[in-house]
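**Q** From TrEMBL, here are the annotated features:
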type	residues	note
BINDING	163, 164, 165, 166, 167, 168, 169, 170	ATP binding site
COILED	915-1105	coiled coil
COILED	1155-1231	coiled coil
COILED	1323-1364	coiled coil
COILED	1410-1437	coiled coil
COMPBIAS	600-613	compositional bias 'Polar residues'
COMPBIAS	1116-1130	compositional bias 'Polar residues'
COMPBIAS	1136-1147	compositional bias 'Basic and acidic residues'
DOMAIN	8-60	domain 'Myosin N-terminal SH3-like'
DOMAIN	69-763	domain 'Myosin motor'
DOMAIN	1532-1808	domain 'Dilute'
REGION	598-634	region 'Disordered'
REGION	643-665	region 'Actin-binding'
REGION	1106-1147	region 'Disordered'
């Protein structure tokens, strides 16, 4: 589209203004081509006719949309021109208080003239590692980009800081150097970064001065190269200086000062070490009083002097050299006071004994007369002779000043060289970053040689800058494959040629300096003759012949020729220098050593203007020509050479540009002068950058960003799967002119103004959509209102109609009721009549039907009996007939068959005689047999069928007979019942008549009783009402008194509780602070340990051959030796030789002293903790006492407490019995006379000792049971007492009230009877319980008796086994066990014979027991082998003892006495939960269990904390053996090995989490089994048996706690490193709710895209990582409380990093981003709820982030909004609230910016709030960690050691 189409009505433009430079206006009508005048409306309300230029017809610049104003990058503006840049800078600087802005590759820095809190270490950490476009503009972002490119591209970098005096160049360069020093650190112990920073105060004191524009103006240029090694750590630095302003030493303009060092010396003159300098007030010296302003407001020169001296000391400048420097500087001041007296016009003299000169000579240690002579004379040398010539007073004064300048310049160079020597590194430099702090373009009313050199340097730098910008633009176009068109930009090469080419200005100046009679006037004439009218950039002023004008890139500058030659020559008399060289003050001749050397261009660069002075001197003998030639180099020539060298250096690096802008000339904070700003923007090249960018395609969008931003301009059919094609199609429709945009590979390139056009289309579309939404919503609201009114009208109508209907219904209901009453009454009458008739009829019918039924029954009975008789008779007759007929038939058949058989027999006899007949017969017989067989089968079938029919018939017959019988019985019963009922009816009728008579009598009595009752009721009601009134009055009084008592009690308790809560909170805070300090000290201690280890490793690497006798130990070992070797005296004595063997040079006193301090601090903390705990207990006791005074608590003991106390008494009595038995045994042992019986090796002695140990173990068990019972009694008392107290108090009050109410004696008697009944009931219940308890006791006694018998039997067997040999003893015990099991098996077979399931379960349990026995047998075999080995050792000792005893015993005394077995019960031993290992296997144990253990395998396959349990079981065994050396060695090796593992794999979260969990478990085990009562409350009796017996490891517990704290801190650092890259991307940049955030146009510094790519992190990534952390910690069995602390720390890191980035990113401070943040926080809270971690305190750490998100979303207009914000944002500091409000940026045109007045209102409301001035949260802060005691329920004896750990050399004990 044409640009003119954008000039429509209401379009805003910029017009020139003489005062404001540019003024905003609004078009009142559309512009049409050909119009000569624009009608404009200004912001101040005036209308204006703006006339267009008739020649160019150029339209005014268009103004950018409001949403683009205040952008971080000026190239993001749609319209790139001067007013847009100026307005954007002003808005950011004035409204948002932002001093940094990007302009493409340039960082524009505006001096705020105010200290801002944006340079702290927290800000440095926030910018470290971030992309340049992701954060708000900052000098740290430029430094980070340079550092990152150096590390990534392996290319040297440079940061060019330029600007005019007072713009803040020095401060910017200082902050860049501080950033490098903080981020990179140093590679050596020399702290190079501190030395680099320490060079700043020195160079500022000797090179900076106060000017009219700046209080701390750098009067020289410097280029500092900061060197880095391959690991990108600072190893050194080098400084080059340029063009020191020497003239300031001898002359200062009005309101200016000399260099700071002179005023610092004068302010410190009263110091004792400075008395020899004989200084005084600055106004006493000529060189310091000329400006008339010796003091800078707010600067203390004495303090600055102390800082300068401290920096000199840090840089290695000794005190003697420092005093030497100060002597020379003081000498310069005294030299300035030297005065001259004129003798004539050509000569002068110095007064004799002139004090200033004598002080100067004393300080410089030179001859007074000689110096006095050469100050007034000079030597002239000709070809033939040399002669001395006096000089005039003016010449002497100039010579004095030249000498002062020369001395100062030499001292300046000497200090720079010394600083470079200190900062120089012996290590090879891998890369460097240069920081160039150089003067900007200068133009004054009088411009001289200095301004000429400065502007020459800026011309060269601007040329390099233009070429670099042009190169970057070309690279970008070629990268995106955009057709490259040549961009026309300003080339200042002609201006540079004018200055430095042959016959250029510098060349003519040097030529004129060589002329004997050359002057400034002749040089000016040569310039006019050479360049005037020949070079367009050179001009001559109209009114002057001693000046010239050069057209620089920034502006025209007029230079005055006066003084050019003198300053270019820089002459000083050689004789004066010789006098100084002959000084006895050693340092002074050192300054002039380089005068005798030839100076090359490379060495000249390090001093700028001050490198050479033009000193005529005799040539040396060696090379006279060269020396003389070199000495003829002028200042201009040197400066040109050094500038060429600087440009070569810059061209070999990647440059980064910082342009400093001075906002006003009055040093007012945050005041913006548009005129001055435009001048500097033009001069520093920012506008040139804008012009180059605007000439091509300045606006660049990725396809995804363009699609996301302008999706609203597309239709659904336009959206394709390929974004690139979609964007092409849409742009072709929206912008017709294809030259206005280009499609690259990844981006779309737009001409200037096209983005604004697209934004206009988008805003129009959104506005239309908003109008439609508003229309719909308003219609919906009105319709809703109409429906609400309609509903109200309908409701009113409904109620009115309902009232009418109810009235009508009431009438109908009454009418219907009357009808129903009549109906029912009539029905009642008729129904009564009908009932009488019906009862009479029923009675008649009943009698009649009964009569008929009886007759029918008799008839049926007779017929039935007749039928039965007939049936039996007919049956008998049929059977007799059947029998007769059957008999006859059978008889006839038999006769016939007999006859036929006889006939057949005859035939057979005949046929039998023949064989053939026989065969036929045989065949026929077979057939007949088959037939007969078939017949038999058929008959059988028929028989079966007949039998079945017969049985069926019999069943039917039987059932019918049964039915008939039951019917008969039923009828008989009914007949009897009928007879009984008739008799009962008659009796009932008689009773009814009697009852009617009684009823009449009772009714009469009732009436009389009711009358009496009514009278009594009235009397009682009256009495009750009176009593109730009295009762209510009493109750009211009682309630009032109770209310007063309760209120007073509440007030007292509340005040006490408040005080207690406040004191406890304060104590907790103090405790947390102390804990945090202690943990920070531990962290520092661990860091020093690591540093010490690294140094030792470096030493071992450096020393190839170790010295003989040198034994190197790990630092942790040495420190732990000092920590752990005070558990016993033996350990200390054993450790002394090992310590003394180490050489003295290897001792580390630093670690030991630090450890002692830490140890002392720990004891102090423990004491303070104990004091706090005592105070807390005392407060609680006071509260309890106050409560005890208010409430009486009678102690009521229940049956359970009595039972427990009885049990405790029984146990104590049994304990006393066992003690008595033990004493008796000991007496019996002592009374034995035979030494061989009681000898240690005797069998009886062994038996008795085993029995003794068993009895003592049983005694310990009894003790533990007593302790447990006592603790249970105490806990039960505490639990029951408050409840009982409450119940008794309430019961007593209830009883008292009931007694007061019961005033009648009868009621009291009834109550007494009820109580007696309840007592009887309770007594009966108690007796039943007693009986049940007695029965249970009898059963238990029986079991005890059986167990005693079994015990005695076992003792007898044991005594028998003891007499057997060991092998037979084991077999006998096994045989006994087998017989016992068989007996039990038989018994249980008989017992479970009826129930096979129980028997099967019993068999399974039996098999398990057999397996256990087999395992015990194997273990016993192992223990037997071990005991045999021990017996061999003990046998030798016993043999030696026996030999000694046999020598003292005679043979007659030896008598063989039989040993009587003693039946003492012996405790059967099981695994004791200990692990035994050999001393030499300790390293193997540590290696397999710690150093080479894979945490993942242990966490997945084994129980959590297994290594800790194994280590503790090993410690237990060493404690059991009473081997303190083994305990100490094992614990020390364990701690050192854990440290080694964490040092080696300290960046693996799984490893650190695993060892944190195991260290805590090991610590808990040491506490749980320490034997201390506080840790034994939750132990089982078996666990209490496993407590340590010999050693108190409380001090080791402290060491392990410290180790756990260090591991926890390392864990936090690991998870922080993992989470850090995810947080900003997932919490801020990624759009979790797609489409809410709008993508704004961005500049050259692209932001990270919010659309999630494959490589970007999302919120799901953070949640997945949190899940991973949590699952790993749970798998490792970490304590739940510790997991909560880790989660709290993780959430704090997430919240702090997110909030810090939000505060440093203007593009993130919008309403939609606040919504995204709140959604992300809600997802984190949901994760906490899923993991049941809401009470961990993690949610509270996100409160500042939540409030910041709410602050982005709330209204920000009125005072009420301000009040709401102040009350809502209590977790944010004032600085953070103001920063968020300043950064708030609308994403769409419908949002509004926060006004400055609103922000000031917030500041006024928050001014009384006392919070930290720090802007960012400390993301590195680690909360103090605690390890609450968490005992384990796992029994140690049940732990199995898996073979995968490779610990086969360890055996269970």
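Heads up, the Cβ atoms here are built off N, Cα and C, so glycines get one too.
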**Q** Counting across all protein chains shown, how many other Cβ atoms sit within 10 Å of the Cβ of residue 165 (ATP binding site)?
**A** 20
**Q** Once near-sequence residues are set aside, which residues in the chain of residue 166 (ATP binding site), 6 or more away, have Cβ atoms under 8 Å from its Cβ?
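**A** Within the chain, residue 166 (ATP binding site) has Cβ neighbours under 8 Å at 111, 211, 213, 214, 217, 662, 667.
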**Q** When neighbour density is defined as the number of other C-beta atoms within 10 angstroms of a residue's C-beta, which of the binding-site residues 163, 168 has the lowest density?
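**A** Counting other Cβ atoms within 10 Å of each of the binding-site residues 163, 168 gives the minimum at 168.
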**Q** Within 8 Å of the Cβ centroid of the ATP site residues 163, 164, 165, 166, 167, 168, 169, 170, which other residues of the same chain have their Cβ?
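**A** In sequence order, the nearby non-listed residues are 111, 214, 217, 218, 440, 660, 662.
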**Q** Compute the average pLDDT of the predicted model within the coiled coil (915-1105).
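**A** Computed over the coiled coil (915-1105), the mean pLDDT is 80 on the 0 to 100 scale.
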**Q** Near residue 167 (ATP binding site), which residues of its chain come within a Cβ-Cβ distance under 8 Å, counting only those 6 or more away in sequence?
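**A** Sequence-distant Cβ neighbours: 109, 111, 440, 660, 661, 662, 680.
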**Q** Output, ordered by sequence, the same-chain residues six or more apart from residue 170 (ATP binding site) with a CB under 8 Å from its CB, or 'none'.
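**A** Spatial neighbours, sequence-distant, of residue 170 (ATP binding site): 204, 208, 216, 218, 437.
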**Q** If you count Cβ atoms within 10 Å of each one, which of the binding-site residues 164, 169 comes out on top?
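**A** Checking each of 164, 169, the winner is 169.
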